[in-house]
């Protein structure tokens, strides 16, 4: 009888899979719903416009045809795709008090999110290597950072981000989901989806940890090592003007890296027990919504070449 009972339970778990997911978003902000909605709409269009502007300026301006600006355009592409993956559904949850998605749609959103986050980590590490060569080994910069290397590295980054993320997605697809079908978040993150599964998730948690270490912490180690070498080189420059000029060439990238990795570490590396759900959502907003907005602002406002290219762009279209 016990064997039959166990078999019946197994059949229920295998056949009664959930087909839809309800994202709660921010259910307790009714008084400020339209204010927050309007703010997010503004942020969304500002993010798309700012990152598209960077890409257009790069294509139109001869002064921006360098490896660093090529990588910045790829970062802008990541930010456009990331904010488009997250924000429209977030706006829907705010406006209607929640959002119902198919399970496949939820996994697809997670897939896009993981690919873009992994690609951005890898891209930031290549950009740090670019700054390392420019400051620590300028005589060999152009021989290493040629057009072929830039295009190849970007192709490898997107391929790695896609292939390794698909490994996680295939593992998730093989899980069985039996509810509840409610996620108290504004997008389909990995851990909330795994919590809906009635399968053993130990293997996939281990797999995610290994791949995450490679795709997130691996690039972080490269970035830290690059900036240690950069700092040592800058400190050896005798003049204050020379040190300031050298530091200014990598300050924008350093700010972007600090904000991006800082928010990721707060959300994923520190214990979440004891944190309220609203705090976790606000922290998640930092790297899903605010970072894509701040990246073009940081790179354009602090960069003389971008400002000059924008002025020429205004003259052409005026």
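All positions are counted from 1 along the displayed chain.
Using N, Cα and C of the backbone, Cβ positions are placed for all residues, glycine too.
The structure displayed is predicted, hence computed values, not measured ones.
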Report summary line: As TrEMBL has it, transmembrane segment corresponds, among 175-198, 247-270, to residues 247-270
Report task. Would you kindly check 35-59, 101-129, 209-235, 247-270, 282-301 and say which stretch has the most C-beta pairs under 8 angstroms to the transmembrane segment (71-95)? Result -> 35-59
**Report entry** Intrachain neighbours beyond the transmembrane segment (209-235), with Cβ under 8 angstroms and 6 or more residues off its ends
**Finding:** 117-118, 121-122, 124-125, 128-129, 131-132, 135-136, 160-161, 164, 167-168, 243, 246-247, 250, 254, 257, 261, 264
